[in-house]
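To keep things clear, I will list the structure first and then write my remarks on it.
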Amino acid sequence: ADMFQGKDALLSGPAGGVVGMVETAKLAGFDKVIGFDMGGTSTDVAHYDGDYERAFDTEVAGVRIRAPMMRIHTVAAGGGSVLHYEAGRFRAGPDSAGANPGPAAYRRGGPLAVTDANVMLGKLQPDFFPAIFGPGQDEPLDVEVVRGKFAAFATEIGDGRAPEAVAEGFVTIAIENMANAIKKISVQRGYDVTEYLLNCFGGAGGQHACLVADALGMEAVLIHPFSGLLSAYGIGLSSVFASRQQALLKPLAEESRTEIGNLIASLRKAVIAELSAQGIAEDAVAAKPVLHIRYDGTDTTLPVNFEGDSIFQARRDFEIAHKAQFGFVYDDKPMIVETVGLEGTDTGGAGRDESESETEDLTLDPSQTREIFTEGAWRNAGVFRRETLKPGHKIVGPALVIEPNQTIVVEPGWQAEITARNHVLLRRVEKKRRQAALGTGLSGKMGADPVMLEVFNNLFMSIAEQMGVTLQNTAYSVNIKERLDFSCAVFDRTGALVANAPHMPVHLGSMDRSVETIIRLNSGDIHPGDVFALNAPYNGGTHLPDITVVTPVFASADLISPLEGEMAAKRPEGVLSGGTTRTPRTAAATPSGGFAATSPSRGE
C-alpha cells in the first residue's frame, strides 16, 4: 500500500479484464487472444500475442497521462446504446440509455436500446431474468412495450420490413461498430485476427460473441465461468509488477551494446529494489528488457524484446514488426534505440490453476426450446441451464445457454462445448454463408437497405481512418505527424465521395474534384499500381503546399474505388515560410491533372 500511486488506479477495472482474459485463455491453451468486454454503455477491446501491450501516452477524461498503462481501446457500443433511425439510416449509439431509465424493457420509460433488440429477437428471455424492473423493482422485462416500439419503427421505415427484422438490423450495426474497434487494435497494426481466440466477457458479451467473431472471420470464442466479473477476477490473478524506462537515443549497433547493457543493469536494480520492498525475493522476479526502436528521422517507436542480448535479433524483430504494421522497411536508414525499458514480474503469484475434470463426449438434446430470430428468420433454439452442463457436453446452435449473470447465444453454424476446466468454448463448425445482393431493397423494391447502408458506411469510414493512422505514423513532416494537417477519404469509380475520416474539413470539401480530374484526364489509362499526385488549385487543390495523392483500387481488372489522401507538405518547392515562392507567375497542371504522376508497377 505504501507504493500505491493514484495513477495506478486509473482504468484499473479494464486493466484487470485484460489480465483475466489472458490468464484464462492460457489455461484453455491459447496464446493469441483478443479480449472483448461488452457492458451496458461501452465495449473495451484488447490484444495479446505473448506480451501485455502498454501505452505510454494516454488520455483519460480529457486529461493526458504520461505513464505506462494497459493498451485498451473503448468504443461507445453496449447493451444500453440507443437505437436511432435518421435520414434513411439505422444507427446504434453512441448515446446510452444508462442504468436509469435504461432500455425500454426496464419499465422506466427509456428509449429502445441494443438490449431491447435482443429481447425482440427472443435472444433474451424475460422468464430467465429476475423480476427487478419497474418503479417498484419487482416486475419482469416488458416485452410488449419493446414489440410496440419496434412495430412503430417498422411503420416509420415503411419498406415492408418486419419489426423483428428492424431489431436484427440494429444488432448488425452494433456488431460492426464493435468489430471495427477490434480492427483498430489488431488489423490496423498488422495482426491477422483469424488466428486469434476471442475471449468474451462482460454482462452483454455472451449475447453477441458469435456474431462479432463472424464479422471478423474468427472461429473460436472462450467464455469463462466468471465472464460476468472477469475484470475483478483478473485483478485477483494479477502479479506484482514494476517497470522502469530511460531514454538512450543511440544507434542499434554493436558499438552501442555496452551502453545498452549498462542501462539495462541500472534499470534492473531499480525494479528489483521496488519489488524487494514489497517482500518479493530477487530469484522470484522475471525481468524482461525491452528496446523501443525507430528508424532515424522518424518518430514512431516499436517495442522489441531484448532478452537474448542479440543486436542482430533485435534488428530482425524490429523489421518484422515494422513490416507487419506499415508494410515496408527502410534499407537505407539506421535504427535508433530511443528508450530502454525493463519490466519485472513476481512469478510466485502469477496466474491461478483451475482443476480439470473428466470429460463426457455427449451432444445434448434440449429439454425445451424457444423461438429466436436470427439470420433473417425465426428458428427453434434449444434452451440449456448452465449448471446442468458438464465437461464434454456439446450444444449445436441455434441455442441459448442460461447462466446466472448472462445469456450465451449460440448462433446457427456454431457449437458450444464445455471444456475440462468448465469453460464454454464456442467454435464455428459450418462455413459461414454469404448473403447475396447486399445493399438492395426488400421484397424486390429498389433502393438502399438502411441497415447495410450504415454497415458499409462504418466499414468505409474505418478504411479512411486506418489510412490516416498509417499516414501519420510514417510521415516525416511535422505538419502531418503533429498538426494532423491531412485528410483521407474513399470515392467511387466516378469520383463521388463514399466516406471520409473526421480529418481537416478544408481538404474534404474539394477532394472529389481532384479524383474527378484524375479520372477525366486519364480515362482508359489507369492501371493497378498507379499513384497520382497533384496540387493544382484548378483541379481540386486547395493551395500549393497541399499535395493530394490518389490511388486506384481494382477488383480483378475493374476499377472499383479511388483512395485519396491530402496532406500539407513543408515547402515542396518554395523558398518562403508557408511553402510559397516568389518566382511563379501562373498555375498550370500536368497532363495527368497534377504536378506529378507515377506508375510504380507498370512494366514489372
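Don't overthink the numbers, they just go from 1 along the chain as shown.
Every residue, even glycine, has its Cβ placed from backbone N, Cα and C.
Here TrEMBL flags 578-594 as compositional bias 'Low complexity'.
Annotation source TrEMBL lists domain 'Hydantoinase A/oxoprolinase' at 2-241. When averaged over the domain 'Hydantoinase A/oxoprolinase' (2-241), pLDDT in the model lands at 86.
Summarising the annotation, TrEMBL assigns domain 'Acetophenone carboxylase-like C-terminal' to 368-418. With DSSP classes pooled into helix, strand and coil, the tally for the domain 'Acetophenone carboxylase-like C-terminal' (368-418) is 3 helix, 33 strand, 15 coil.
If you look up TrEMBL, you'll see 449-558 marked as domain 'Hydantoinase B/oxoprolinase'.
Under the heading region 'Disordered', TrEMBL lists 342-361 (among others).
Summarising the annotation, TrEMBL assigns region 'Disordered' to 570-604 (among others).
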Number of helical, extended and coil residues in the domain 'Hydantoinase B/oxoprolinase' (449-558), per DSSP: 47 helix, 25 strand, 38 coil
